[in-house]
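Among the features that Swiss-Prot reports, disulfide bond is placed at Cys50-Cys65, Cys57-Cys70, Cys64-Cys77. Annotated leucine amide per Swiss-Prot: Leu81, in sequence order. According to Swiss-Prot, the signal peptide annotation covers 1-21.
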Amino acid sequence: MKASMFLALAGLVLLFVVGYASESEEKEFPRELLSKIFAVDDFKGEERGCKGFGDSCTPGKNECCPNYACSSKHKWCKVNLGK
């Protein structure tokens with residue numbers, strides 16, 4: 001039952017995309033649509049001045065972002081709970 005509902009929904013979505021693509025004047029629409037669906041986050045490539053949650057760090061160097069602290073036991077940035 002669940003599989004048939006999923007297939008019906010997927011078929012409707014596919015029908016909508018194909019119908020919209022056929023009405024589109026641009027011939028690059030399917031490629032453009034796929035690139036937007038599977039786009040990679042651009043901000044992940046940017047470097048920060050500090051390290052976020054789970055990044056490796058050296059205790060005592062204050063490398064972690066605000067609200068994070070370098071764990072001396074595990075040597076990675078974790079949430080600073082004020083202890």
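Keep in mind that glycine also has a Cβ here, set from the backbone N, Cα and C atoms.
The recorded positions under consideration are Cys50, Cys57, Cys64, Cys77, Leu81. Their Cβ neighbour counts within 10 Å are lowest for Leu81. Nearest neighbour of Cys57 (disulfide bond) by Cα distance, taken over the disulfide-bonded residues Cys50, Cys64, Cys65: Cys64. Highest local Cβ density among the disulfide-bonded residues Cys65, Cys70 belongs to Cys70, counted as other Cβ atoms within 10 Å over all protein chains shown. For the recorded site, Cys64 (disulfide bond), the DSSP three-state label reads strand. Ranking the recorded positions Cys50, Cys64, Cys77, Leu81 by the distance of their Cα atoms from the Cα of Cys70 (disulfide bond) places Cys77 first.
Cys65 (disulfide bond) sits 8 Å from Cys77 (disulfide bond), counting Cα to Cα.
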